[in-house]
């Protein structure tokens, strides 16, 4: 059971930093559609649960150390090339967004230049990526429970103390910029970009677990947990639209409004979750090209992270609004491949 929960927590930890820890992503993909955005959350939850289960099961079944072999196996040679490079682009791009997000935390919460947060995140990510996969998974899994607790606390408090009804908040929500124009397409796009960024590490985590049943249940619980957290996050933002409409980090603003101390605590946890995702992205990206744990892997990682450092100065909100929808559309290839993967594997087994 411990191993199952570790896989589930690590899967949540990978997704949460890029997917919803700041609240900006939830605002653009769900809350900006008002009431109907809640239906979008339910659609996303179902997809996350199924795809999380498939990813970790595939990893365990193939005992992979990189996403490449699995993707080519389930996609075929030609489609495999496309899906492989979509994942590669996603890993690097989301890593850049995460480093930029660290700059936003330091700026919004502490009034410091974004450069300070960006530099701090770059250094600690660079050091952590040098560790082996088991240590990386343990670090990611250990931070996730703190964020889960904080998101639930903030969401429940927001709902219990809301002064205005959702009906009065909806017009403000509908004025916000949406990442995608249609609520259903937005829900699918959201899952698509998150799975594109989480697939590589989820496959590698599954590959590190020889017990296929444990890996499968861990991925399923992780996907379900992500969906539940998205729902709470969405409701917290929806109930505080007047307060958070103009902030890059809506959930951080809600926490700060509840208590400056709570805001400080959440900013530290949020930094940790963004760190989690950044580490996952750069570790998986480097492992795609160089064997992990080797000097070549370390050199490649350093160069990659320094390049991401330079690109992160574009800004967090701009990167989210442009890069995430783009990856979401590209990631639809991966979603289709994963949905049909069990059937392809069954046909392979019969031959």
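The backbone N, Cα and C atoms fix where each Cβ goes, and this holds for glycine too.
Heads up, TrEMBL stuff is auto-annotated, nobody curated it.
TrEMBL annotations:
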- 33-58: transmembrane segment (TRANSMEM)
- 79-106: transmembrane segment (TRANSMEM)
- 112-133: transmembrane segment (TRANSMEM)
- 140-160: transmembrane segment (TRANSMEM)
- 180-205: transmembrane segment (TRANSMEM)
- 217-241: transmembrane segment (TRANSMEM)
- 261-285: transmembrane segment (TRANSMEM)
- 297-316: transmembrane segment (TRANSMEM)
- 322-343: transmembrane segment (TRANSMEM)
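Contacts between the transmembrane segment (33-58) and the transmembrane segment (140-160): absent, as fewer than 3 C-beta pairs lie under 8 angstroms at sequence separation of six or more. As a quick check, the transmembrane segment (140-160) and the transmembrane segment (217-241) clear the bar of 3 or more Cβ pairs under 8 A, pairs 6 or more apart, so the two touch. Segment contact is absent for the transmembrane segment (297-316) and the transmembrane segment (180-205), given fewer than three CB pairs below 8 angstroms at sequence separation of 6 or more. Of the candidate ranges 79-106, 112-133, 217-241, 261-285, 79-106 contributes the most Cβ pairs within a distance under 8 Å of the transmembrane segment (322-343). With a threshold of 8 Å between CB atoms, the same-chain residues lying at least 6 positions outside the transmembrane segment (217-241) that come near it are 3-12, 15-16, 19-20, 23, 26-27, 30-31, 34, 37-38, 41-42, 44-46, 48-57, 148, 151-152, 154-156, 158-159, 162, 164, 166, 169, 172-173, 176, 194, 202, 206, 209, 250-251, 253-254, 257. Within the chain carrying the transmembrane segment (112-133), a Cβ under 8 angstroms from the stretch's Cβ atoms is held by residues 65, 98-100, 102-106, 139, 204, 208, 271, 274-275, 278-279, 282-283, 286, 292-293, 298, 301-302, 305-306, 308-309, 312-313, 315, all 6 or more beyond its ends.
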